[in-house]
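Pulled from Swiss-Prot:
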- 9-244: domain 'ATP-grasp' (DOMAIN)
- 46, 53, 54, 55, 99, 102, 107: ATP binding site (BINDING)
- 199, 213: Mg(2+) binding site (BINDING)
- 264, 321, 322, 323: substrate binding site (BINDING)
């Protein structure tokens, strides 16, 4: 789950991380009122969407008068903000963050992720802040410094100090940087985050260290123990299809292709998409119906996929372990009839009650294309999507 920048800063503030004074605004008048409360002479008007690159897309403006705050708020609110993370369709801006300006002397980067190789939380820091960390990793990997934190001890003062020195924090500001790094680590750990990032972390002209941005992603599987994080959820920022899927316990992610995928198991779902790509096709979605798929779930899965106007074909790829193939076949038949399926459907099933499932499909009277292997299924669905 993602949250907005201003919400991330609320979390950081609770853990002792220095952030600029600011408040969210949901209208132009509210933006001006917040600016008046903060006092000038400089304010930053920032679009709040779940994507990076807002500045380059025109979603961050520096205002030097209340009239400019009004002007920029009017420009940004309601705009369809396009960044490298939103895709060509962009994301509508429904809220702003109005903040006091900062005298920026130097921009740095700090972030925390889980490293699955070392099986530890890794704190990263770089002197090249304000840029996409992926770009820094590609062009100047030596500029990124890392510490794999021992979970039993947490981030130590010496580790935080060493990172701060390596990214160019002056000695006089090291204690501030230490508190920010430790606060960021603690916020990551205690909220079950999967990503915590400050980009940029800035050094100001008077020697202060301040988090000018905040980005958090949270492990959705842990949200049951964090109602305070769930309260931050903004459904306007999420794909309506993914929201609908979650109501039926379906793991669904929209993609840009034209071949729908209905699979049981995340690993098999990813392998299925890879195989479709291998044979020249483009998946329209990731969809894992899980190990307990019912007829209702399969029907809802079909409905979700068919809401995509660009859908040209569907591939159902099932391994019958816990899930019986005859149950899936029953769901496929019922789902196809319920939604009046009007695109080619390729089905490949292996495992428990495989023969019974195939027999049910063959006797259903539906124009279902059968396949025995994943490669054959992918080839057939790619051909069907191309109208061959």
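Cβ coordinates are placed from backbone N, Cα and C, and glycine is handled just like the others.
Here the features listed in Swiss-Prot are painted onto the structure.
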residue: 46; record: ATP binding site; contacts (Cβ under 8 Å, 6+ apart): 5, 54, 59, 60, 96, 97, 98, 99
residue: 55; record: ATP binding site; contacts (Cβ under 8 Å, 6+ apart): none
residue: 102; record: ATP binding site; contacts (Cβ under 8 Å, 6+ apart): 20, 202, 204, 210, 212
residue: 107; record: ATP binding site; contacts (Cβ under 8 Å, 6+ apart): 128, 129, 130, 200, 201, 202, 212
residue: 213; record: Mg(2+) binding site; contacts (Cβ under 8 Å, 6+ apart): 5, 197, 198, 199, 200
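When the record's substrate-binding residues 264, 321, 322, 323 are compared pairwise by CA position, the greatest distance found is 10 Å. The binding-site residues 322, 323 differ in how many other CB atoms lie within 10 Å of their CB, and the one with the most is 323. Here the binding residues for ATP are 46, 53, 54, 55, 99, 102, 107. Their largest Cα to Cα distance works out to 19 Å. All protein chains shown were included, and the count of other CB atoms within 10 Å of the CB of residue 99 (ATP binding site) stands at 23. Its Cβ taken as reference, residue 199 (Mg(2+) binding site) is surrounded by 23 other Cβ atoms within 10 Å in the chains shown. Residue 264 (substrate binding site) falls outside any helix or strand according to DSSP and counts as coil.
Taking the binding-site residues 53, 321 in turn and counting surrounding C-beta atoms within 10 angstroms, the largest count is reached at 53.
For the domain 'ATP-grasp' (9-244), the mean pLDDT of the prediction comes to 94. Taken residue by residue with DSSP, residue 199 (Mg(2+) binding site) is part of a strand.
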